[in-house]
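> My questions will all concern the structure given below.
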Amino acid sequence: MELPVTTPDSGGRKKVSYTIETRNLSYVLPSLYDEFSWIFYCKNPKRPQKFIIKDVNCEARPGEITAIAGPSGAGKTTLLEILAGKISPTKATGQVLVNGHPVNAKCFRRLSGYVTQEDALFPLLTVEETLMYSALLRLQGGKTESANRVGVLIKELGLEHVAGSRVGGSNRGISGGERRRVSIGVELVHDPAVILIDEPTSGLDSASALHVISLLQEMVAHQGKTIVLTIHQPGFRILELFDRLVLLSNGCVVHNGSLEYLEERIKFSGLQIPPHINVLEFAIDVTGSIVIRTSETPNIHFHLKDHGEKKVSLTTSKHNDMVEKCPSYSNSHIEEILILGGRFCKNIFRTKQLFATRIIQALLAGFILGSIFMNVDNNLGKVALQTRLGFFAFSLTFLLSTMTEGLPIFLQERAILMRETSRGAYRVSSYVVANTFVFLPFLLMVGLLYTVPVYWLVGLRQNMDGFLYFVMVVWMVLLMSNSFTACFSALVPNFIMGTSIIAGLMGSFFLFSGYFLSKEKIPNYWIFMHYLSLFKYPFECFLINEYGGKGGKRCLESERGECKLFAIDFLRQQDLKESHKWSNLAVMLCFILGYRVLCYLILWCRCYRTRN
């Protein structure tokens, strides 16, 4: 691979720098048919293609900031996403070359840093913690090296005064400019040689925007990095910091060179730049008057010979160094799980509103339900039995429905997961396992807070083994609901659709649980829903725990002093056996693991599609 520039790192070793080049690069807007073409067997009907970028030839060099500019819809972000590997180069025509060789998208994503326009950060972590967790996941030296790297990075980014402040959202936390620098820092912890940033100044005031670009210019000057960014209409002071401009219009390159050469071209075209308007702003307004050169023009290899271009000597190696040095994951599975688990714990315990609400909700629900159904079983008869069954049914409805509150958190984490795994920070399996283990003690605590008051107030079986079994069932119910929510949060595109699907399925599970209709009365074509119901198995566990075992001789209905229905007979009517007490728990455990495996497969497929 060509090594145009080498810069020494802290260890005195030579670091490879990268030149990125595109040749006749084009990308067509994919149609709905293309997305689902695997479903159809007929040929795609011929339709006019809509090019987002067409025959783009440009270059980004080490030690330079290359800015991709142009009006809205010109194709800036699409070009950057192809360079960053977010859109696979195989989906575009033409070539993307790194040091003269076809890009290996998987390796290049791990070697480079890509900062999206939206800041996908955890709002409850501090600036230092955000960078620290990123460093732990991307570096191999452990906590010591990560802490040293984060300390240096915080100074370079000018974030010392907010290092202990929480990132926050749009209204609270650090400022927009500081948050933007944190997003850049997250991608800089592994010291990439190439940095690609989408709209680094978007939403910032002029001072904050200038500060961000100045930091990037310092990295170029002192570290020889290759920086490519998109920008809409920068101010004059920001514009002077760019080494190379790639001006796009309707997906085609209008200009590729320095700012001075752009000004020469505008004047050569017979146009006069008005005072108080910078060159780029004027060029964007008059792009139609500037000659566009593509591969279809006589100058087949588009390369504007800028008078101010730097002469850089190139050396070619026989093998692709980037492939040889393609980094693997920095940590083992266990280390990734521990790091991600620590981050999950901090986010959960710092979500004070949700955390406090869940605790208070569990306690209040336990006391209120306990006071409503207090000692109902002291009376015999069908009414008392139906009341007790109603208590079990309502308890399950409450326990299973409250877990859907975590859907927004799962969706927020998914966006960060997609970004981090696409850059090779950790494995999807480590994320799913860490997420599962973190919720085990938290949900056990919630289950205990609900069970302790409600069990004794309602007057269920007055022995410790019955109480402990009830706690275990409640805990399994909460874990099932949590796994179910995690699975569908990986599948649905947004919060609104997620709540609709989850609420609809929960209602269906309740309908087919056996509480409203017995299994014999459910139509054969719906019987599968009975066995898939999350309500069925814990509901049966509650019945067996209450009316089975030593309590099987209890009288549930009597007439004129004679018992007409014993507890064991009631269980036989429900087609329940004592052995179902543990087999149902095994089925619930399979549900928990099954939904987690589905969650992993869905997330893996999403990440795979992102990578490929």
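Glycine too: its Cβ is placed from the backbone N, Cα and C atoms.
The annotation domain 'ABC transporter' is assigned in TrEMBL to 20-275. The feature transmembrane segment is assigned by TrEMBL to 355-374, 389-411, 432-455, 467-488, 495-517, 585-605.
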> Between the transmembrane segment (585-605) and the stretches 355-374, 432-455, 467-488, 495-517, work out which stretch tops the count of Cβ pairs under 8 Å.
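Looking only at 355-374, 432-455, 467-488, 495-517, the most contacts with the transmembrane segment (585-605) come from 467-488.
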> Which residues of the same chain, at least 6 past either end of the transmembrane segment (495-517), have a Cβ under 8 Å from a Cβ in it?
389, 393, 396-397, 400-401, 404, 407-408, 411, 484-485, 488-489, 526, 529-530, 532-536, 539-540, 574
> Can you work out whether the transmembrane segment (355-374) touches the transmembrane segment (432-455), with the criterion being 3+ CB pairs under 8 Å where the paired residues are 6 or more apart along the chain?
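Contact confirmed: at least 3 Cβ pairs fall under 8 Å.
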> By a Cβ-Cβ criterion of under 8 Å, what residues six or more beyond either terminus of the transmembrane segment (467-488) are in contact with it?
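The answer is 395-396, 399-404, 406-407, 410, 435-436, 439-440, 443-444, 446-448, 450-451, 455-456, 460-461, 498, 501-502, 505, 534, 538, 541-542, 545, 581, 585, 588-589, 591-593, 595-596, 598-599, 602.
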> Six or more residues out from either end of the transmembrane segment (389-411), which same-chain residues have a Cβ under 8 Å from its Cβ atoms?
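For the transmembrane segment (389-411), the far contacts come to 347, 351, 354, 357-358, 361, 365, 369, 373, 376, 450, 454, 458, 474, 477-478, 480-482, 484-486, 488-490, 492, 494-495, 498-499, 502-503, 506, 509-510, 513, 515, 534-535, 538-539, 542-543.
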> Averaging the per-residue pLDDT over the domain 'ABC transporter' (20-275), what integer do you get?
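Over the domain 'ABC transporter' (20-275), the predicted model scores a mean pLDDT of 82.
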